[in-house]
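For reference, the structure is listed below as structure tokens.
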Ligand SMILES: *Cc1c(COP(=O)(O)O)cnc(C)c1O
């Protein structure tokens, strides 16, 4: 039996309607920006395997460091014990994180990094004896799939069955062009009430919302209001961190610095599951007390896993190399030129770019066509050897930094082909009629 068939007998895939989904594509090997399927076909990973991969697949330098760590110490309980990879990664990250960050709390993934941030913020106010209950978030935000993270995320179809179980959050408009004043007004109205513990935000780019972008200027204004009212600022840099926006962190574009930062995805270069929540001394100090009830009672079995931390250190080495920084600039420039070239095309509603992240929003000509369009575009890209996962009518590119100019050119060609499909210039069979997954 083929791997895909065996998979279908035992696996339940994420974000997948198992009844109607095409058979999964077995991947046997990765190298650079390419993933190789069982049938020998190569795919350009233009979405960095769900936004995690920074330096390409099976990177030999990261593999070497991970291998060495595995043979030295694979794991140790992180309460009462410590180890070099965790300490060194914290030391090095705190040096490059937005100013003021001074403590690092490890977990396993982006959602847990967000859970820890929310618990830090809420308990901070409790520990001070001035409990504040409310959290502010952007209306279309995405902060993860666990309950706390869902609560501060958009009330969307993804979370609908759980709405009654999610704590109440004050949502403000995303301050995209034209909505800035509205967002500021709404945030200010909540802020003055004095019961807001924290504002959590995806800085500059809302990923899952469809790579929705807004300016550092308006975020600075929002954060300034938070500052005036003592509201803690939680930057969810899970997607934007580690060079995605063209700077190391999206927060580097801002004057107002966050109190808490959430990291994951690129943290290990996409090699291992690892999350981290960092905070400034103001937060940390509120947990120091003779009274043990002020402790942050949170931890995961694999907190600060040494192998994951070793991957994090190796990825950081690569990220800070001049060659990688040059690649990041090259991708930024290349995206910029492509965006200019296509923005006027009739089937394209809008092209957005922030650093290495490029989003193309197609005009959805009819609402009924809309959901089908997503599957059509996805299949079209796979057929042409490129992995692009549309968010509805939005296609985005968030490549590993090692992607070559030629590979990036191929990705752009596929997007040009997609716009011909959308505009009707090019006929393309509906996904059910293609044989690509067989
Ligand atoms: C992906 C993502 C998360 C959740 O991370 P997981 O590791 O998938 O749990 C949280 N916040 C943002 C901004 C993300 O993009």
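Each residue, glycine too, has its Cβ placed from N, Cα and C.
As recorded in TrEMBL:
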- 50, 142, 265, 299, 389: substrate binding site (BINDING)
- 110, 111, 236, 300, 301: pyridoxal 5'-phosphate binding site (BINDING)
- 265: N6-(pyridoxal phosphate)lysine (MOD_RES)
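Ranked by how many other Cβ atoms sit within 10 Å of their Cβ, the binding-site residues 111, 301 place 301 at the bottom. Within the same chain, the residues at least 6 positions away from residue 299 (substrate binding site) whose Cβ sits under 8 Å from its Cβ are 78, 79, listed in sequence order.
In the three-state DSSP classification, residue 389 (substrate binding site) falls within coil. The record assigns 110, 111, 236, 300, 301 to the pyridoxal 5'-phosphate binding site, and the maximum Cα to Cα distance across that set is 23 Å. Only 110, 236, of the binding-site residues 50, 110, 236, 300, 389, place a Cβ under 6 Å from an atom of ligand 1. Among the binding-site residues 110, 236, 300, 301, the ones whose Cα sits within 10 Å of the Cα of residue 265 (substrate binding site) are 110, in sequence order. When secondary structure is read from DSSP and collapsed to three states, residue 110 (pyridoxal 5'-phosphate binding site) falls in the helix class. For the binding-site residues given as 50, 265, the lowest number of other CB atoms within 10 Å of the residue's CB is seen at 50. Checked against residue 50 (substrate binding site) by C-alpha proximity, the binding-site residues 110, 236, 300, 301 yield 110 as the nearest.
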